[in-house]
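The next block holds one structure in the form of structure tokens; read it before the comments.
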Amino acid sequence: MAEEVSSLMKATVLMRQPGRVQEIVGALRRGGGDRLQVISDFDMTLSRFAYNGQRCPSSHNILDNSKIISEDCRKELTELFHHYYPIEIDPHRTIKEKLPHMVQWWSKAHSLLCQQRIQKVQIAQVVGESTAMLREGYKTFFDTLYQNNIPLFIFSAGIGDILEEIIRQMKVFHPNIHIVSNYMDFSEDGFLKGFKGQLIHTYNKNSSVCENSSYFQQLQNKTNIILLGDSIGDLTMADGVPGVQNILKIGFLNDKVEERRERYMDSYDIVLEKDETLDVVNGLLRHILYQGDCVELQGS
């Protein structure tokens, strides 16, 4: 008798191969918490895409929209967005074609930010005054992973200092979290002078960002993965993990839904269409971790 996770019955859930999803979920359940790790994007994956019909800000947007950025800088950043975002999500261009454009976009944006005399002490205030929100169910998600010793690797092309501060202000920044992102580099007098390490953009979230390898080496028994993303570029986030046995890829389809649905369904095992919650992920975690929890299961 196949057991079904009831959260997968949600209207927002799309699956190209439900049978295959069932097999992967079964394997994850047999492995339990001891074998599991979660690898996730942040912006528009753990954070909300929209609330009450209004777009929510990404970690870059939070800074772009803040009062510590000059009007001229904001205008230039907006122009960059209107030029490059359509390229980022264009279904007719290959990732290889998009790559140089993404590097240009991030590099230009970071260069503009470095001209703004941004101070480290301003970050918490900027986040506190923003409209950033984590997805509904975030507390259950973060707390469940922490309580069950499941590592959460957040791989973000956003701004590490900002997203870390969001998680801290939401009071779910637990010790099981490891973040790789674009972290700000401040001068001795506390002003932003650049960004540390290799630039991370939408389409190089893979093992080429070499600082991940030692992290994954420590987790060699964590051979089962739940991967969460909202772009095609997020699909490579687990590429640096050695010895993967089972991986369940869950994609949030937030924007340009009609034109991107087929591509997402071909790429992700589970697609969540315009779903601003973590209900499905939390339901799966319950099913995997709490073997006796039959409330979440429906016999077929």
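From the backbone N, Cα and C atoms, a Cβ is placed for every residue, glycine too.
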Query - Listed in Swiss-Prot for the Mg(2+) site shared with D41, D43, one of D161, D185, D189, D230 - result: D230
Requested in this report: Quick one: which of K108, K196, K205 does Swiss-Prot put in the substrate site with S156, A157?
Outcome: K205
**Report entry** A157 (substrate binding site) as reference: those recorded positions from D41, D43, E88, D230, K256 with C-alpha within 10 Å of it
**Finding:** D41, D43
Report task. Please name which of the recorded positions listed here, D41, D43, D230, is nearest in space to K205 (substrate binding site), Cα against Cα. Result -> D41
**Report entry** Proximal residue to D41 (active site, nucleophile) among binding-site residues E88, S156, D230 (C-alpha distance)
**Finding:** S156
Query raised in the report: Around the Mg(2+) site (D41, D43, D230), what further same-chain residues have their C-beta within 8 angstroms of the site's C-beta centre?
Result: F42, M44, T45, L46, S47, S156, G229, S231, D234, F252
Requested in this report: Could you tell me which three-state DSSP class E88 (CMP binding site) falls into?
Outcome: helix
Query raised in the report: Cα distance, D230 (Mg(2+) binding site) to E88 (CMP binding site), nearest Å?
Result: 12
